[in-house]
């Protein structure tokens, strides 16, 4: 309620005086340079800087293609965010707020036009995966000689690191050279092409909003500028909800997270010798922030460590949802 709708003019950016004087006195926090780092038909990646001070968290606000306000909470240490689920060829205005506690102390805005529905130079994800083996057909030959002289860039194998009923986590390597960015392409359950922009420094991505027990074919392109240099592909079948949710899941003792974790991730079937070496304990799960359409949760690991976490819940329609989380994290935002 204390954050304005994204249609409001950015004059609120000047309202730093709204924050309590004692809070701003130690070090005034400044937000600058909200810019677009990559654009696809269905997503936008934004970056910003904090040249002075620090924020507890950020809030990105915008209106979707239907004019409905959307709010995305972001961890205070982040300096970039990818906004998925956008519509092609649509103009969006994004407002990024820097927060201390629940008070906004600075505000920057930018406007972005998403790409057309199908990127002209990237094939549709319905293509057969044989190009993955036909490296000579990759457009390396299209690159200017000066780019080729920078060194060959190669994408390693695309593999699945995590699968839930409605998400897939993919990982890859870059054994040689480097890419400016990546684009992950696939077709959704309705057969519509989707494209997800990934930063060139990333080696993993989580694709959400998938349908349970369905086969998807993912194509990862390594790009320099807007040119694709290499491509790898893989097929994944999303999990069956019944595999993750035993009948007693709604009872407090029905589905301990550790059991679900082991069921969903075969890699945890490590030799038994791992277990006695260090007992891992999950501490208290608590809510750190709430918005009308998201919740931010925090937890502790007072003893040992976990390879990963799995957050499970039922949405407003009663459908089971599962969110895989990296084992090094202690905070997650459920949008």
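Note that Cβ sites are derived from N, Cα and C of the backbone, with glycine treated the same way.
In TrEMBL, the region 'Disordered' annotation falls on 66-86 of the listed ranges 45-65, 66-86. TrEMBL tags one of the stretches 201-238, 239-276 as region 'Disordered', and that stretch is 239-276. Long-range contacts of the region 'Disordered' (66-86) within the same chain: residues 3, 5-7, 37, 41-50, 54-60, 92, 94, 99, 114, 196-199, 208-209, 289, 291-294, 296, 331, 333, 335, each at least 6 residues beyond the stretch ends and with a Cβ under 8 Å from a Cβ of the stretch.
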